[in-house]
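**Q** The annotation topological domain 'Extracellular' is assigned in Swiss-Prot to 1-16, 127-296, 446-629. Annotation comment: Swiss-Prot describes 17-37, 106-126, 297-317, 425-445, 630-650 as transmembrane segment. Positions annotated as topological domain 'Cytoplasmic' by Swiss-Prot, on the basis of similarity to another entry: 38-105, 318-424, 651-661. Swiss-Prot lists 135, 188, 197, 231, 272, 280, 490, 505, 512, 531, 573, 587 (among others) with the feature N-linked glycosylation site.
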């Protein structure tokens, strides 16, 4: 036992070089690559089986996509053509109506320019003459009536005074006559003139009656004004134009475009003539066969290379162990030689006593091993595990009663099993078991989810979702397409109205502002010159006939152009397109509406069943693969457990050798 140590010696270390991390990693990579190859091979086989078993479904789906696409494109195209033609006819009719409006406006403007001007001037002359005559007679009547009344009053006053004087003279003459004659006979002249009353009362009743204006006002009332003349002319001219517009509005655009039933719609194909899968079955088999061969060759080559590297990695590891052991032994020898000078003291019996620099308990027989100290210092977990194992084996004994040799044996076995390489194997094994447990949990959850979701009895199952998702997806895509297309149409319409008709709007607004300014300036000038005179109304009427009425017509025309100079592009209604497709499907004479729906439903059911079986088959395959990985992890853990009997065998051999020595 004198040569037995509690730590691993060079031979012990070299016995574990095949457990180095490089070899183990390469071996694990080889196994993982092998499992991966098997997984790929199995997935390829599943894919091959699935494709070959669903050739009819694939052919049917491909046929529906390729053969029936013209049918639905034809329906949508015919609908768009119909709506486009209808909107074109409506736009043409609207254009004709605008042309009629413009023509009527031009005719009215021409009539107003030539005939209207003269008619307006004639009416204005009559109205102006009557107005001047009326104003003149009113002034004259007022002047005459006021003057005659004043003169009559003044004459009455003068005549009254003269009458009083004459009466006084008559009275005096009568008295003189009576004095001289004394005759009371009243037959003479003086008796006949009692008094004199001079008056002009009849002159008070002299006046010019106001009824003299009635004839003039009656003439003015009977004379038509320009507005009446203009309205009468416009009404006569608008008769044919209104008739044309009425006929245009009565036109039905839907009747003009003709019978849309003559538009051809490609029929729905009922057969699966486009057999993209069944017609290429031999090529599919050959392709999968080539894939399998390539996979096998690549797997063999890679595994061979990995094995060579794994074996080759042992040589540098062994060489490193030898060099490390030599350094450790050199360190120990150097320490043993140097301790005589640094760490010795002489007792009374001239025996050497070792000064332990790590403050360890005194070692019997005066032996101190620096490698043991190194292991205790730098491999603390090994030392702790060794202490736990010693306490477990010697349960119930105090540390002082434990045999040092037994303790050394336990520490050596623990050191052998907890070496860096052995712990690496243990860690890999435990990690592999943990990964396998996680994989089993995931597989169980996936199986439960697949079995629960891919059932036809579940109302929220994938099968029902697939049945309803087609229509929903078409409707959503149609709505999205119509919205995006309408956005494009809105942008285009705005750009056209701004870029093409923008200058028209700017011009019409500028012309209207100019016309309004001109009319305001003309009215201001007339008011400044003729306001308060008899010529103001006639001049205003003449200027209105000759200039302002034309300006108002131009302003009205510019406003009409401003309102009409805009492009309105019809929008796309996704709901109408969907209704047209549904109507076409209802009116179709081809018996594919119900049969296609039933076939599609059966096809979806078959696809769901195949999908469920395929997924479960793949999960079962990965379950088997996970079992294989768990087996490998358990084998790795067993390799670590094998280190215990190996350590016991080595320990027994050394003990026997020490006994023989």
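Cβ coordinates are placed from backbone N, Cα and C, and glycine is handled just like the others.
Values in this document were obtained by computation on a predicted structure and should not be read as measured data.
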**Q** Between residue 512 (N-linked glycosylation site) and residue 505 (N-linked glycosylation site), how many Å separate their Cα atoms?
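**A** Cα-Cα, rounded: 11 Å.
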**Q** Helix, strand or coil by DSSP: which one applies to residue 505 (N-linked glycosylation site)?
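**A** Assignment for residue 505 (N-linked glycosylation site) reads helix.
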**Q** Against which stretches of its own chain does the transmembrane segment (630-650) lie, if we need a Cβ under 8 Å and a gap of at least six residues from its ends?
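**A** Contacts with the transmembrane segment (630-650): 12, 15, 19, 31, 412-413, 416-417, 422, 425-426, 428-433, 435-436.
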**Q** Determine which residues of the chain contact the transmembrane segment (297-317) at the Cβ level, with the cut-off under 8 Å and only residues 6 or more beyond its ends counted.
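**A** Apart from its flanks, the transmembrane segment (297-317) reaches 17-18, 20, 22-23, 26-27, 29-30, 33-34, 37.
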**Q** What average pLDDT is reported by the model for the topological domain 'Cytoplasmic' (651-661)?
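**A** The average pLDDT of the model in the topological domain 'Cytoplasmic' (651-661) works out to 79.
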**Q** Going along the chain, which residues at least six beyond the ends of the transmembrane segment (425-445) come within the CB cut-off of under 8 Å?
**A** 19, 24, 28, 619, 622-623, 626, 629-630, 632-634, 636-640, 643
**Q** Name the secondary structure element type, per DSSP in three states, that contains residue 531 (N-linked glycosylation site).
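**A** Its secondary structure by DSSP: coil.
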**Q** Out of 231, 490, 531, 573, the glycosylation sites in the record, which is closest to residue 505 (N-linked glycosylation site) when you go by Cα distance?
**A** 490
**Q** Which of the glycosylation sites 231, 490, 531 has its Cα nearest to the Cα of residue 573 (N-linked glycosylation site)?
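**A** Closest by Cα distance to residue 573 (N-linked glycosylation site) among the glycosylation sites 231, 490, 531: 490.
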**Q** Calculate the distance in Å between the alpha carbons (Cα) of residue 531 (N-linked glycosylation site) and residue 490 (N-linked glycosylation site), and round it to a whole number.
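**A** On Cα coordinates alone, these residues lie 55 Å apart.
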**Q** Going by DSSP assignments with H, G and I as helix and E and B as strand, what are the residue counts for the topological domain 'Cytoplasmic' (38-105)?
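**A** Its residues divide into 66 helix, 0 strand, 2 coil.
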**Q** Calculate the distance in Å between the alpha carbons (Cα) of residue 231 (N-linked glycosylation site) and residue 490 (N-linked glycosylation site), and round it to a whole number.
**A** 41
